[in-house]
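Read through the structure below, which is laid out as structure tokens, and then see the notes.
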Amino acid sequence: MLGFLQRPVVVTADINLNVVALTAVGLLSRLWQLAYPRAVVFDEVYYGQYVSFYMKRIFFLDGSGPPFGHMLLALGGYLGGFDGNFLWNRIGAEYSTNVPVWSLRLLPALAGALSVPMAYQIVWELGFSHCAAVGAALLILIENALITQSRLMLLESALIFFNLLAVLSYLKFSNSQKHGPFSPSWWFWLILTGVACSCAVGVKYMGVFTYLLVLGVAAVHAWHLIGDQTLSNVGADVLGRARLALGGRGVRVLCHLLARAVALLVIPVLVYLLFFYVHLLLLCRSGPHDQIMSSAFQASLEGGLARITQGQPLEVAYGSQVTLKNVFGQPVPCWLHSHQSTYPVIYENGRGSSHQQQVTCYPFKDVNNWWIVKDPGRHQLVVNNPPRPVRHGDIVQLVHGMTTRLLNTHDVAAPLSPHSQEVSCYIDYNVSMPAQNLWRLDIVNRESDTDVWKTILSEVRFVHVNTSAILKLSGAPLPDWGFRQLEVVGEQLSRGYHGSAVWSVEEHRYGRSQEQKERELELHSPTQTDVSRNLSFMARFSELQWRMLTVRSDDSEHKYSSTPLDWVTLDTNIAYWLHPRTSAQIHLLGNIVIWASASLATLVYALLFTWYLFRRQRRACDLPEDCWPRWVLAGALCAGGWAVNYVPFFMMEKTLFLYHYLPALTFQILLLPVVLEHVSDHLCRSQLQRSLFGALVVAWFASACHVSNTLRPLTYGDRSLSPSELKALRWKDSWDILIRK
């Protein structure tokens with residue numbers, strides 16, 4: 001029974017020294033003097049503020065991407081003991097002693113360093129030689145733009161890392177399919193593929209391009225799998241009974257498809273949700289971005305609106321005092337508002353108005369935002385005991401709390417939207433203009449037609465009984481007579497649904513004072529009740545995801561912005577940092593030899609692939625049958641990876657920078673040694689041709705290393721440069737000057 005103790009326990013391991021060496025030099029190139037410069041470099045001013053928010057657990061919204069990348073940067077700050085107390089307000093500002101610069105930049109640097117051995121592994125898993133694999137890794141190692149971007153508190157290196165990890169994991173899974181399906185390693189690489197894809201999307205939305213590429217390749221392989229008559233059942237013995245009952249091969253194919261569906265579709269979604277769960281769990285406190293979110297979301301945060309809304313009555317009743325916030329929140333969040341001032345008798349364009357009390361949407365908290373929900377059949381403005389809740393479909397009147405005038409609309413053109421009706425608080429001028437102040441409550445997110453109107457949770461529309469117009473925010477700012485507040489109109493139902501016509505109760509109390517003077521004092525006092533509520537994670541996730549996708553980013557021109565065409569020709573660069581006392585500086589510069597060669601290799605691959613495809617159609621196979629699938633897969637992942645990460649930028653209306661091209665460039669670099677090896681093995685006919693071509697490749701690589709070393713002062717920024725030295729360096733990032741040289 002204990003016989004195994006009589007024999008020594010032996011563990012054997014295969015260690016690829018190439019991978020070890022490449023990892024070591026990758027770490028050296030990215031981690032050397034990582035804390036220099038000890039100053040805010042370019043977009044560190046942007047991401048640093050989010051790290052501080054994480055440290056203080058303050059909610060924020062960043063429309064540039066999901067939270068996983070920000071959490072990685074915050075993890076570095078947490079490991080370094082950062083307390084979040086630093087004012088991220090200026091590029092070039094010196095970091096204070098409490099900022100752990102090395103720790104904050106550590107995870108991006110590790111991601112950049114590990115991308116070097118992963119490049120080796122990808123080319124090797126594609127079936128090419130060690131020489132080609134080492135070449136791909138060395139090109140990633142010495143490319144100046146990749147070095148610069150990975151040594152700073154930025155997200156591109158993390159995105160590239162997870163892109164490469166997703167491709168590498170899928171290749172290892174695909175290769176293990178040949179000899180060990182459903183084995184532990186098969187499951188490991190398949191699941192890691194899905195997790196890596198989700199991480200790439202979680203860092204930046206750009207990661208979805210690589211995810212779709214991997215899904216596309218997996219779908220093609222799955223399609224071939226369905227027609228594979230030799231499908232092995234290795235590792236699937238647990239399904240023996242099912243195979244006997246339903247037919248072995250059909251069950252095996254079904255199991256393969258289900259495994260891929262779970263690992264590449266279900267798991268990435270769950271991991272993506274996990275990012276947001278942790279994000280919302282950490283950011284539990286009110287912050288400067290609260291106003292972008294709905295009242296329900298704001299109330300789920302500690303402090304801020306939660307201090308106001310904590311303990312409010314949940315069900316709106318007749319006699320309730322409420323503030324109504326527009327759900328759409330564009331152009332700014334605002335509340336239904338009225339005041340003593342009236343519309344002008346005659347507008348500037350000569351049109352007339354009702355001259356009744358103005359109704360607007362006001363973007364600030366104000367006592368004039370309070371309204372009383374009144375039962376049209378009763379005069380009282382207080383809540384009964386017990387309260388009578390208002391339900392979907394009920395007819396109500398909205399009484400302005402401070403002026404006691406009723407919300408009204410009629411067939412008079414709105415001041416700035418003549419196609420819509422004016423909304424006012426009714427004043428009886430005895431001029432044959434009767435009150436039209438009845439509104440039907442329409443709960444948009446109701447579960448049934450008997451739902452009760454609820455504070456914060458219910459999204460409602462007010463449909464005018466007489467004209468069927470809906471109370472809506474037009475968003476247009478009124479002139480000076482309207483104090484630049486936002487116009488509110490009545491718009492016909494036929495114009496369709498829009499979020500600007502939806503409102504929610506933010507602040508709520510049960511009215512207790514029937515007398516106007518007492519009620520005004522009540523409206524000025526804070527709410528005091530004891531009922532609380534929470535918003536579910538899925539509701540918070542859905543709202544936050546929607547806001548991130550729809551929030552308007554600042555698309556103003558930047559002096560370092562560029563176009564996708566500028567990236568391929570390397571006709572642009574970015575000055576990241578300048579030493580305040582010396583001429584030492586950091587620039588995002590690409591290695592012109594690598595960039596030009598990678599673009600040329602992509603073109604050569606496209607031409608060769610097209611030529612081989614036409615030849616195969618004519619039954620002329622220039623490549624051996626075992627080489628063709630390898631050549632196609634390399635193009636699909638490398639050339640395809642470049643295309644899916646580059647072409648979409650031509651359709652984006654946003655400010656673009658050179659660093660947006662780096663994920664596409666990485667895939668293009670992987671293709672370069674593949675094309676070189678293909679030319680050497682299949683296009684060079686004699687040994688002499690191969691020797692000459694090899695010498696050219698060595699000379700080319702030496703020139704790439706020379707350019708990388710020459711640009712090193714602008715990559716690391718650790719040496720002062722004279723004006724003449726700087727001028728001599730800067731021409732190397734420009735095609736035009738290079739041609740003149």
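Positions of Cβ are set from backbone N, Cα and C atoms, glycine also.
No curator has checked TrEMBL annotations; they are predicted automatically.
Features of the protein shown, as given by TrEMBL:
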type	residues	note
TRANSMEM	68-88	transmembrane segment
TRANSMEM	126-147	transmembrane segment
TRANSMEM	154-173	transmembrane segment
TRANSMEM	185-203	transmembrane segment
TRANSMEM	208-226	transmembrane segment
TRANSMEM	261-284	transmembrane segment
DOMAIN	313-376	domain 'MIR'
DOMAIN	387-444	domain 'MIR'
DOMAIN	448-508	domain 'MIR'
TRANSMEM	588-611	transmembrane segment
TRANSMEM	631-649	transmembrane segment
TRANSMEM	656-676	transmembrane segment
TRANSMEM	688-707	transmembrane segment
Handout entry: Proximity of the transmembrane segment (126-147) to the transmembrane segment (208-226), 3+ C-beta pairs under 8 angstroms
Key = no
Practice task
Please figure out which one of 154-173, 185-203, 261-284, 588-611, 656-676 racks up the most CB pairs under 8 Å against the transmembrane segment (631-649).
Solution key: 656-676
Problem - For the domain 'MIR' (387-444), the mean pLDDT of the predicted model - result: 91
Exercise for the section: For the transmembrane segment (68-88), could you work out the same-chain residues 6 or more beyond its ends whose Cβ comes under 8 Å from its Cβ atoms? Expected result: 40, 44-56, 62, 95-96, 98-100, 102-108, 153, 155, 158-159, 199, 202-204, 275, 278-279, 282
Problem - CB contact flag for the transmembrane segment (656-676) and the transmembrane segment (185-203), at least three pairs under 8 A - result: no
Practice task
State the residues, same chain only, that lie 6 or more residues beyond the ends of the transmembrane segment (261-284) and have a CB under 8 A from a CB inside it; answer 'none' if no residue qualifies.
Solution key: 53-54, 57-60, 66-68, 70-71, 190-191, 193-195, 197-199, 201-202, 211, 214-215, 218, 301-302, 537, 540-541, 544-545
Handout entry: Secondary structure composition of the domain 'MIR' (313-376) [DSSP: H/G/I, E/B, coil]
Key = 3 helix, 30 strand, 31 coil
Practice task
Helix, strand, coil: count each for the residues of the domain 'MIR' (387-444), based on DSSP.
Solution key: 0 helix, 26 strand, 32 coil
